[in-house]
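According to TrEMBL, the features are:
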TRANSMEM  23-44  transmembrane segment
COILED    46-73  coiled coil
DOMAIN    92-152  domain 'Potassium channel'
TRANSMEM  103-124  transmembrane segment
TRANSMEM  130-160  transmembrane segment
TRANSMEM  197-219  transmembrane segment
DOMAIN    202-287  domain 'Potassium channel'
TRANSMEM  259-279  transmembrane segment
Amino acid sequence: MACGGGGCCCSSAGRLNADNARFLLLAVLIVLYMLCGAAVFSAIELPTERQAKERWEERLENFTQRHNLSRAELRHFLREYEEATVAGIRVDDIRPRWDFTGAFYFVGTVVSTIGFGMTTPATVGGKIFLIFYGLIGCAGTILFFNLFLERLITVIAYVMKSCHERQLRRKGVLPHDGRRGSGTSEADSLAGWKPSVYYVMLILCVASLIISCCASAMYTPIEGWSYFDSLYFCFVAFSTIGFGDLVSSQNTQYESQGLYRFGNFVFILMGVCCIYSLFNVISIVIKQSINWILKKLDCRCCHRCQRKLFRSRRNVVMPGNMRSRRNISIETDIVNESDTDGRRLSGEMISMKDFLASNKVSLAIMQKQLSETANGYPRQMSTNSKQNGFSGGVGALAIMNNRLAETSVDR
């Protein structure tokens, strides 16, 4: 990325590894995001916390005076109640925490990484078993989520490609028998067509919203929550944040109890899968946004250095690549590293193809080698998948890349 000249500041910036720069920028943005979030939540929640503390101190003082108790005795009693609460004892009548159904609900929150916190093991044996049980269970559940994401992306890509082909046939670009016209550019490029990441994200957003609204309609009358609290619980549970302030299916008896618990299980399972997939798609957009920011910063640095060189070397002929850099536009300032340089982009500021082509990092190579070693043979990659830029990636991103690549060459 050097602008030219041994003393140019861009020469040192160009030697900086792009992945390290992306990682550092993401770390800085996350820290800033957390600082902003802390400031907002502190401004919203701190006054309420102080008011609640003042009311509690007033009630505690009135109770000790009315019943002639010392503050020390009362606080000792309250600490014992807190210990009972940790063990699952509540003032209101609730279902047993450690019968089979309660234990099954608990292990569900463990392996899904929700971890509401309303039920926790109190014995040493239970805590030791939880460590090993969660280690295997969480890994298996993450694998299940990845496989779900793989199939979901396959279905979405297939449906969107079918709709795209139908539109081309309606315009007369493709014949109705499905054979592509040899002289049509749209038909020739159909084999390499891939769905936009924004459409995939929109579909997952709508699916997550529908599941959350339907689940909230079920929780509101049965649990006695407001509809907004039900929506709040859905997001906290589906995103596996799991605060534990609201927890479903904790009362002793419900109307149609078996049906409700089954519906609760289905909604949480579907919601977690959809939100997990949505998070992975959003991470693609975030990563490409970081790439775009780095490109813009690098472009500004290059322009600044070019002006310095032009002032110091007025009679020196500018290299061709430096002249071409002056004509960078929004359509071409997101040119990817490595094999995508010089390609004509689609015009989107952030596109799936740009991200997937720039996602070939050393960690993906390591993951590929580990996969080949585990399978006992090198994994062959088709020529089409290499050309369309859908190779590489890590974890769930690699699954999305591979499935999008397969759907783009299957038909």
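Along the chain as shown, the residues are counted starting at 1.
Placement of Cβ uses the backbone N, Cα and C atoms for every residue, glycine included.
Mean model confidence of the domain 'Potassium channel' (92-152) amounts to 87 (pLDDT, 0 to 100 scale).
Here the transmembrane segment (130-160) lies next to the transmembrane segment (259-279) in space: the count of CB pairs under 8 Å, restricted to residues six or more apart, reaches at least 3. Sequence-remote contacts of a segment are chain residues at least 6 beyond its ends whose Cβ falls under 8 Å from one of its Cβ atoms, and for the transmembrane segment (197-219) they are 152-153, 156-157, 160, 225, 227, 230-231, 233-235, 238, 248, 260, 263-264, 267-268, 270-271, 274-275, 277-278, 281-282, 284-285, 350-352, 355. Sequence-distant contacts of the transmembrane segment (103-124) (same chain, at least 6 residues past either end, Cβ-Cβ under 8 Å): 86-88, 97, 130, 133-134, 137-138, 140-141, 237, 240-244, 247, 249-250, 265, 268, 272.
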